[in-house]
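What Swiss-Prot records for this protein:
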type	residues	note
ACT_SITE	Cys146	active site, nucleophile
BINDING	Arg21, Arg126, Arg127, Arg166, Ser167, Ala168, Asp169, Asn177, His207, Ile208, Tyr209	dUMP binding site
BINDING	His51, Asp169, Ser263	(6R)-5,10-methylene-5,6,7,8-tetrahydrofolate binding site
Amino acid sequence: MKQYHDLCRHILDQGVVKEDRTGTGTTSVFGYQMRFNLQEGFPLITTKKLHIRSIIHELLWFISGETNVRYLQDNGVRIWNEWADEEGNLGPVYGSQWRSFPRPDGSSVDQLAQVIEQIKTNPDSRRLIVSAWNPGQLEEMALPPCHLLFQFYVADGKLSCQLYQRSADTFLGVPFNIASYALLTHMVAHVTGLEVGDFVHTLGDAHIYHNHLEQVELQLSRDPRPLPKLNIVRDVSSIESFRFEDFEILGYDPHPHIKGEVSV
């Protein structure tokens, strides 16, 4: 995927050295955008192998509204373990905000359900937005949302999605985020009777941690391979009804995995 390689090279060539919350140190740029035509293939990075199981199960977990890591652990996904408390709780993170964003009167808003209904009934709306950024609950969250707001757009029978990500760990996180929101776009398009359009990924602080510099150079030395295809194997009518087994990734032929440590 040339778009991702261009981002990595841009950070290495134009970035500034910044300190960060974890103490690792980063090279960073501010403000960057990538666009992926989902008709041309499913945007899974091919210059290193990604753990597809984690991508799918994490998104299903978000959609369920769950905020305890037990479901993830039961399905062999460990990516949230570092932030969970002893009981596995993370506080009101992504799934909570997507499915039960609190109102001042104590009730809540199911943002995802509302947006899907609006796509069906008012597809030209400019309010097809889901936000995970809730200033009143940030201190209760194990980790404030990095990918914090997404907006859908319908044109010519196709559904596009734009994500705003305030903080982007370019080596470990961004490939995962691209695939996750591309998958979400496919899922929402499926339940609303639309084709997929573009996924637009807008980054705020896009950075490479200094303990990932060698890995990024290795990845950039590899030639991208053709993108795989995503196939949804079952007719699903509601976003909550999707299961892991409903997705096939066809033709994914990546280069070997490149290990990198997570900065917590």
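Including glycine, each Cβ sits where the backbone N, Cα and C put it.
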Fewest other Cβ within 10 angstroms of its own Cβ, chosen from the recorded positions His51, Cys146, Ser167, Asp169, His207: His51
C-beta crowding around Arg21 (dUMP binding site), within 10 angstroms: 8
From binding-site residues Arg21, Asp169, His207, Tyr209, the one whose Cα lies nearest His51 ((6R)-5,10-methylene-5,6,7,8-tetrahydrofolate binding site): Asp169
Alpha-carbon spacing, Arg127 (dUMP binding site) to the residue listed as 'active site, nucleophile', which is rounded to whole Å: 21
Mapped DSSP class for Arg21 (dUMP binding site), helix or strand or coil: coil
Euclidean distance between Cα atoms of Ser167 (dUMP binding site) and Cys146 (active site, nucleophile), Å: 5
Binding residues Arg21, Arg126, Arg127, Arg166, Ser167, Ala168, Asp169, Asn177, His207, Ile208, Tyr209 (dUMP) - maximum C-alpha distance in whole Å: 36
Tyr209 (dUMP binding site), number of other Cβ atoms within 10 Å: 23
Surrounding CB atoms that lie within 10 Å of the CB of Arg127 (dUMP binding site), all protein chains: 10
